[in-house]
Amino acid sequence: MSTQPTYRILISGGGTGGHIYPAIAIANAWKERHPGSEILFVGAQGKMEMQKVPEAGYPIKGLPVAGLKRSLSLANLSFPIKLLKSLKMASQIVKDFQPDAVVGVGGYASGPVLFAAQRKGIPTLVQEQNSYAGLTNKLLAKRANTICVAYPEMEQFFPSEKIHLTGNPVRKDILDLKDKKDKALEHFGLNTEKPVILILGGSLGARTLNQAMLQDMAILEKDGYQVLWQSGKFYFKEMSEKLAESGLKHIHLREFIREMDLAYAAADLIVSRAGALSVSELSLVGKPVIFIPSPNVAEDHQTKNAMAFVNRQAAVLLKDSEAVGRLREMVNDLMKDESRSTQLGQNMRALAKPEATESIINELEKLVR
């Protein structure tokens with residue numbers, strides 16, 4: 001009787017949900033296909049992967065690595081020390097675990113781990129989630145075996161012969177939202193008669209989106225909408241206090257929404273940052289979206305992510321600098337134009353890549369054979 005081969009796969013990266021959830025999706029899909037395999041994650045100490053990965057059932061080791069602050073900061077003085085220590089630790093982790101392949105999903109920990117693996121001749125796969133590649137991935141790509149990307153025309157950043165257009169992995173429960181609307185409205189305590197606006201600022205929160213909501217929440221409720229609002233960890237206490245003072249009944253505030261499939265199913269219109277994971281999930285959801293890209297990211301990559309959809313008439317862009325003061329106007333414009341909203345949703349779905357995770361697993365399998 002033949003036994004199925006098992007493998008040791010090392011997955012590195014994290015920092016935000018946009019890196020962590022795709023990494024977990026890759027791990028889950030690999031385990032489904034190769035049940036006896038061992039998977040180890042490597043993340044950055046103090047970042048959310050150190051909690052989220054064990055919750056998903058996988059072991060994780062943390063590196064002291066941190067990013068350089070773009071402003072003058074005393075924290076930058078410790079950067080070289082942390083980087084050198086992380087490189088040494090990553091080399092030891094790779095030596096001890098002896099992986100058959102290493103996957104880098106972006107985030108601080110990806111650099112040291114993939115660098116260590118490449119020095120030892122271990123096959124590496126880089127998963128670039130954004131439409132504009134970051135410096136770390138551009139450097140790692142030179143020695144990587146395979147580069148999985150979510151957008152076309154990435155040859156400007158990576159060697160064309162290594163590129164595979166796979167799309168970004170997303171959580172399985174988002175792939176099918178059909179027939180979830182009633183359950184979603186009940187789950188969040190929403191009114192079945194009022195349109196739902198979903199506000200998403202990412203796992204940590206977005207100051208501008210929260211300020212825009214504070215300014216417009218009363219008039220949005222008066223206009224007949226109800227809002228499901230994810231404020232993020234950093235802003236939840238302040239937003240809760242302001243909402244309690246307002247006495248509004250149809251603004252539903254959450255620090256973090258775990259049941260994203262239900263949130264998407266409940267929504268009639270979505271207002272979101274344009275991180276890689278959000279954009280990929282929203283393309284599968286196929287509903288009208290107003291993107292408000294964060295200006296506080298490297299190379300302004302969120303604007304580039306959003307424009308890949310805006311240029312194909314699949315979404316609407318609202319600049320961060322204009323969001324406070326214009327949010328309600330843009331929500332109303334879309335909600336009152338059913339034909340345009342429907343077309344945006346259809347165009348969005350046409351750009352989706354629901355087989356992204358399987359495509360990445362196929363490429364990873366080629367490296368371990």
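Just so it is clear, glycine is given a Cβ too, placed from its N, Cα and C backbone atoms.
Copied over from TrEMBL, here are the features:
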type    : residues                                                                                                    : note
BINDING : THR16, GLY17, GLY18, ASN130, ARG171, SER203, ILE257, ALA276, LEU277, SER278, VAL279, SER280, GLU281, GLN302 : UDP-N-acetyl-alpha-D-glucosamine binding site
DOMAIN  : 9-147                                                                                                       : domain 'Glycosyltransferase family 28 N-terminal'
DOMAIN  : 196-350                                                                                                     : domain 'Glycosyl transferase family 28 C-terminal'
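Shown on the structure are the features that TrEMBL records.
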residue: THR16; record: UDP-N-acetyl-alpha-D-glucosamine binding site; Cβ within 10 Å: 19
residue: GLY18; record: UDP-N-acetyl-alpha-D-glucosamine binding site; Cβ within 10 Å: 25
residue: ARG171; record: UDP-N-acetyl-alpha-D-glucosamine binding site; Cβ within 10 Å: 17
residue: ILE257; record: UDP-N-acetyl-alpha-D-glucosamine binding site; Cβ within 10 Å: 17
residue: LEU277; record: UDP-N-acetyl-alpha-D-glucosamine binding site; Cβ within 10 Å: 24
residue: VAL279; record: UDP-N-acetyl-alpha-D-glucosamine binding site; Cβ within 10 Å: 29
residue: GLU281; record: UDP-N-acetyl-alpha-D-glucosamine binding site; Cβ within 10 Å: 24
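In this entry, THR16, GLY17, GLY18, ASN130, ARG171, SER203, ILE257, ALA276, LEU277, SER278, VAL279, SER280, GLU281, GLN302 make up the residues listed for UDP-N-acetyl-alpha-D-glucosamine, with the farthest two CA atoms of the set 23 Å from each other.
Mapped onto DSSP classes, the domain 'Glycosyltransferase family 28 N-terminal' (9-147) shows 65 helix, 26 strand, 48 coil.
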